[in-house]
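Listed features, source Swiss-Prot:
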COMPBIAS  11-21  compositional bias 'Basic and acidic residues'
TRANSMEM  509-529  transmembrane segment
TRANSMEM  580-600  transmembrane segment
TRANSMEM  626-646  transmembrane segment
TRANSMEM  652-672  transmembrane segment
TRANSMEM  738-758  transmembrane segment
BINDING   Gly858, Ile859, Ser860, Gly861, Ala862, Gly863, Lys864, Thr865  ATP 2 binding site
DOMAIN    1138-1352  domain 'ABC transmembrane type-2 2'
TRANSMEM  1157-1177  transmembrane segment
TRANSMEM  1189-1209  transmembrane segment
TRANSMEM  1245-1265  transmembrane segment
TRANSMEM  1276-1296  transmembrane segment
TRANSMEM  1302-1322  transmembrane segment
TRANSMEM  1330-1350  transmembrane segment
TRANSMEM  1385-1405  transmembrane segment
Amino acid sequence: MGSSFRSSSSRNEHEDGGDEAEHALQWAEIQRLPTFKRLRSSLVDKYGEGTEKGKKVVDVTKLGAMERHLMIEKLIKHIENDNLKLLKKIRRRMERVGVEFPSIEVRYEHLGVEAACEVVEGKALPTLWNSLKHVFLDLLKLSGVRTNEANIKILTDVSGIISPGRLTLLLGPPGCGKTTLLKALSGNLENNLKCYGEISYNGHGLNEVVPQKTSAYISQHDLHIAEMTTRETIDFSARCQGVGSRTDIMMEVSKREKDGGIIPDPEIDAYMKAISVKGLKRSLQTDYILKILGLDICAETLVGNAMKRGISGGQKKRLTTAEMIVGPTKALFMDEITNGLDSSTAFQIIKSLQQVAHITNATVFVSLLQPAPESYDLFDDIVLMAEGKIVYHGPRDDVLKFFEECGFQCPERKGVADFLQEVISKKDQGQYWLHQNLPHSFVSVDTLSKRFKDLEIGRKIEEALSKPYDISKTHKDALSFNVYSLPKWELFRACISREFLLMKRNYFVYLFKTFQLVLAAIITMTVFIRTRMDIDIIHGNSYMSCLFFATVVLLVDGIPELSMTVQRLSVFYKQKQLCFYPAWAYAIPATVLKIPLSFFESLVWTCLTYYVIGYTPEPYRFFRQFMILFAVHFTSISMFRCIAAIFQTGVAAMTAGSFVMLITFVFAGFAIPYTDMPGWLKWGFWVNPISYAEIGLSVNEFLAPRWQKMQPTNVTLGRTILESRGLNYDDYMYWVSLSALLGLTIIFNTIFTLALSFLKSPTSSRPMISQDKLSELQGTKDSSVKKNKPLDSSIKTNEDPGKMILPFKPLTITFQDLNYYVDVPVEMKGQGYNEKKLQLLSEITGAFRPGVLTALMGISGAGKTTLLDVLAGRKTSGYIEGEIRISGFLKVQETFARVSGYCEQTDIHSPSITVEESLIYSAWLRLVPEINPQTKIRFVKQVLETIELEEIKDALVGVAGVSGLSTEQRKRLTVAVELVANPSIIFMDEPTTGLDARAAAIVMRAVKNVAETGRTIVCTIHQPSIHIFEAFDELVLLKRGGRMIYSGPLGQHSSCVIEYFQNIPGVAKIRDKYNPATWMLEVTSESVETELDMDFAKIYNESDLYKNNSELVKELSKPDHGSSDLHFKRTFAQNWWEQFKSCLWKMSLSYWRSPSYNLMRIGHTFISSFIFGLLFWNQGKKIDTQQNLFTVLGAIYGLVLFVGINNCTSALQYFETERNVMYRERFAGMYSAFAYALAQVVTEIPYIFIQSAEFVIVIYPMIGFYASFSKVFWSLYAMFCNLLCFNYLAMFLISITPNFMVAAILQSLFFTTFNIFAGFLIPKPQIPKWWVWFYYITPTSWTLNLFFSSQYGDIHQKINAFGETKTVASFLEDYFGFHHDRLMITAIILIAFPIALATMYAFFVAKLNFQKR
């Protein structure tokens, strides 16, 4: 066998005898190496070494980026054919020496899954009232009282075998249990679901193996870190997943080849060895996966997110697949992996999976929504599900026969996959009834499932399951029994490398934080400047305030760590579930790499402030202060990271973080001295990091020699100051404090690690179900199905299209010589791209006409969405050239927004309103006022019925991928929201992506109905079935680079398109029953252009079709005789008052249904006030010394500042979510920015009032303030205005920053100024005159002024203040500058702050747009 291989190898793979001899010598050299080196050495081409050809011996672990790229390019030039050849060569090599691929047979018997749902009366909406009831019910449940719950069956007694070496397709309508089945089989089912039955891999139960490492589950949700590139994401996954059995297989193959004297193909040997080495930072397998999934073109592009430009949606979907298949697992469970991909790309991916399954004997189980016929034909087996049951599980060739036996037949031009998903639907089954002479009665899913089990195929499955799997036949490397693929030290290195990369990518955040810290330090040192600070008891109080302020600044500087941690948790939980790495390997790098950051920032603060403020000028004490501040900063970021891991969501974590900050402040011993705290609460002082910082810093300063001057009381000045604050400790407490801070850091990081290890993903929440829905599921399901008109097997228009007509003006849109450029990304410049601009659209000319439904198609990255954005005026960056006209007149964006609709690909909606409310809101704002309200409501209900949303009209929209509507329901809602606006021109970006065949047909029928009324409709579309594709009238086809290669009619059965391309020499003819959309994309691909040496764009530009289109564009670019340009009396459909009312209505509903935001802050205010009330119990009237007054002022200062901070931080996340929705609505011309902003501002008022009332009701009796009506009123007023300021500050910050993270960092700068200039740390008379103006523009200073002036400004009780006897009122005037006779002026100034912030918010919302398109 060896000699025959060598001879054939010589003939086929070596150019001449000399080369063969040289290779033989080089191979002999490799074979003489020790085993370890031999498995890492191979022959590769001499790339880039002059003109010298041949091969060289290299270590495959040291291949450079260019060598890896050229090696893959040589192996795979044309993906479909060359990938097949590569896999076959690998298989032949292994078979030659008798080595087999490992394989896995997956069995599941009588599998069932149930979910425990809470049953609620009425609508299952998370209102504030319902949430309060849930809290009460949870408490009852803990006490043993049974609550109203029901178990809902997701899967019911399903059985089957997923065989290796076969490609299996999972089909079924949304909600039938497909995802649950895939998760169950892959061992990734949520813990809160009850699972029964048996699942086995090669006869081993899931509890005997590690299913997450034996198989790979690929989710339908694309969760990735936005700051990493495509290549980095896949490389990290490859590194964590390891190489599995590849190393052992390679070792065995190499050993047997050496024993047999066989010389392998050098390219195959190099490839196999390179992908068999574990732990590499850069893997050749990554280059291979990038190539076969078409991601090589965006390998160095950042993934991006909604607010950061990155790869496209289709590329993200492929990246999700790539991230998992780069690993070594032999069983793949893939959930809707082709959503958002064009049919050609989808076909290519399925083809590659088929090759992997057939040649490497892999087990591949794929769920798809709309598989095109050619993709469907690639599968070997079909699993059809409905209502949690299996209707069919067997060979693809037999599925139609099964349904024919059941009395149903697939029409001639109907895709089989579409037929299978519709024939099990009660609404659509009748149209496929085979026996036309007999009446049709619905054949239920139960009946079909039982009939399948009675057939021979079903009996064979039962028979196979009854026989135990022969475990002795299992390949030793098939199953994984280890939780992790690499040694934990290697996984730790991988995680620390990624964390360092992310820190570099987020350098702006850290630079901004440092700049902010420097600014705060400059303010602090110039406020507390040494030239104004004497060594006496009064200024000793200022020194103490300054030390305390330093700890607070460094504490607040850790807040951004909370938001950055929360943002990455979803990716962490995904990778943790897939056993990429242990939680500690993720947690420790996040901790260790922040040490230099804490060191640097605390050093900057100490260096800037220490000598300028005038602390004791001894280097030893400078160093000791720096060490305490370093420990404080490191403890702070550890604490906030810990909070983020426990509370997981942005709003909850921010609320908890604010509460912890408040607790650390109040128990720090500054606002209330330790000696004045109630005895049973003093423990809070000793578990507080700020307390230890305060002790360490004060002992370090006030025990210095310069503070040892004896006082009349025979106590040193330093001891007197320490005693007044309850901090009279000896010097050894410095080291105790430093040790305690470092100990707390260890505790926080330990809790952080434990939380990551044991807490579930934040997406796992308890489901709710209404009593009506439960009754329907349990017994009256069939009766609840409305008698809707069935879908025909083709997309037909409604018999009465006129019912969709509301007054509108048909409009034509023409565009000529359209070009679009963007600045070249930095990543491309680094790859040698020298142009300044990157062209995404090139010389696009065309027209879209009324009543004509146009499809805009092209492969991923061809510029389809870009063209829509340019035409719709939605691009916020880049450079546009060319001319766009509307019915002959140049497009004016303001008026165009009134007559156009845009269905975005990303389905952005307000999460807290229902489906029907979303439509009513859109209709009310976008339909003209001449249409009366009754007609609008009827039209809304008509659209609900047309898009088949009436059954879920009361469902909450929810957050995509987390709660609320499913993907296909959200897509239909996106379409409905635009249709209900009755536009003349509608742009739809992939309206059928994410929908199953039936839902796609529903949407397209609605779109066709609307087009028939005379509207102009353009849709980008990726994977159309034959019937959806042929529902369009015209087609615009783009190639990569944004160049047009076809624009014209489709023709009957796509005849015009087929004829055009088949007339081009060399283009392959379309096969019978083949999808024209897929064929068209295949024959115009880049590989075909290269093979035929032609440019389809150039051919189109030289064609008669192009000339005819150009003439048509010229004709349509001229206005009709007597026509006039679009003109409206006002910019928006509704007047300002109607806009405000509509926005206020929606926001009021959203707030009422957002308990995570509103209930959290209301609860936070109550708990904070209660804790302060306990700690400062009855201190309000115990005013004997200035310290007693400071204590009471400290209580109000703490509540004013920290309740406000909590409001601001928790509001940021909520406002950012709504801002994304606002961008979409503003682009649609729904309202003015001022109407939206005012509605947002007004909606806050009742909730702020509730918080303020809570504050007064709790604080007043507990602290014991003077309880007259005027004093209570002014206290309520002061807190109300203060909280308005903080909430409106959050709105303002969101309006001026690009994302939540930057806003979170910027807010801490405001908090710093609000703190230092509040008049508590340093009273107004002591603030230097160059800074006193800042006191006047700080709202917290006026809040404290109003509160204390009203409360104590008229109290003439005498007190001992710094050794003098004064009245309370005179001390407030002299020390703080608070005047009782200026109450009204103070009140007016205070209310001006929220008004100013709200006005700035409205201004910047209108002027700034951070959405990059």
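Glycine too: its Cβ is placed from the backbone N, Cα and C atoms.
Fair warning: this is a prediction, and the values are worked out from it, not measured in the lab.
Most Cβ pairs under 8 Å to the transmembrane segment (626-646), among the stretches 738-758, 1157-1177, 1245-1265, 1385-1405, belong to 738-758. Contact check: the transmembrane segment (1302-1322) against the transmembrane segment (509-529) gives at least three Cβ pairs closer than 8 Å, residues 6 or more apart, which meets the contact criterion. Within the same chain, residues at least 6 positions away in sequence whose Cβ sits under 8 Å from that of Ala862 (ATP 2 binding site) are Leu1038, Lys1039, Arg1040, Gly1041, Gly1042. Of all the Cβ atoms in the protein chains shown, 24 others lie within 10 Å of the Cβ of Ser860 (ATP 2 binding site). Among the binding-site residues Gly858, Ile859, Gly863, Lys864, Thr865, the residue whose Cβ has the fewest other Cβ atoms within 10 Å is Thr865.
When Cβ-Cβ distances below 8 Å are used as the criterion, the transmembrane segment (652-672) is approached by residues 544, 548, 551-552, 555-556, 559, 562-563, 566, 639-640, 643-644, 646, 681, 684-685, 687-691, 694-695, 725-727, 1156, 1160-1161, 1164, 1167-1168, 1171-1172, 1175-1176, 1179, 1191, 1194-1195, 1197-1199, 1201-1203, 1205-1206, 1209-1210, 1212-1213 of the same chain, each at least six residues removed from its ends.
Same-chain residues lying 6+ beyond the ends of the transmembrane segment (580-600) with a Cβ under 8 Å from its Cβ atoms: 237, 240-241, 484, 488, 491-492, 494-496, 498-500, 503, 510, 514, 561, 565, 572, 630, 633-634, 637-638, 641, 749, 752-753, 756-757. The residues near the ATP 2 site, meaning same-chain residues not in Gly858, Ile859, Ser860, Gly861, Ala862, Gly863, Lys864, Thr865 whose C-beta sits within 8 angstroms of the mean position of the site's C-beta atoms, are Ser312, Asp342, Thr866, Leu1038, Arg1040, Gly1042, in sequence order. Every protein chain considered, the tally of other Cβ atoms within 10 Å of the Cβ of Gly861 (ATP 2 binding site) stands at 23.
When each of the listed stretches 509-529, 1157-1177, 1189-1209 is scored by C-beta pairs under 8 angstroms to the transmembrane segment (1276-1296), 1189-1209 comes out highest. With a threshold of 8 Å between CB atoms, the same-chain residues lying at least 6 positions outside the transmembrane segment (1189-1209) that come near it are 559, 654-655, 657-659, 661-662, 665-666, 670-673, 676, 1161, 1164-1165, 1168-1169, 1172, 1175-1176, 1179-1180, 1183, 1248, 1251, 1255, 1259, 1263, 1278-1279, 1282-1283, 1285-1287, 1289-1290, 1293, 1304, 1307, 1311, 1314-1315, 1318, 1320, 1340, 1343-1344, 1347-1348, 1352, 1359, 1361, 1368, 1371-1372. Thr865 (ATP 2 binding site) carries a helical DSSP state (H, G or I). Panel annotation: around the transmembrane segment (1157-1177), residues 128, 131-132, 651-652, 655, 658-659, 662-663, 666-667, 672, 677-678, 681, 1151, 1191-1192, 1195, 1198-1199, 1202-1203, 1206-1207, 1210-1211, 1214, 1247, 1250-1251, 1254-1255, 1258-1259, 1261-1264 of the same chain, lying at least six beyond its termini, place a Cβ under 8 Å from a Cβ of the stretch. Listed by sequence, the residues of this chain that lie at least six past the ends of the transmembrane segment (738-758) yet keep a Cβ under 8 A from its Cβ atoms are 572, 576, 582-584, 586-588, 590-591, 627-628, 631-632, 634-635, 638-639, 641-642, 645-646, 689, 692-693, 696.
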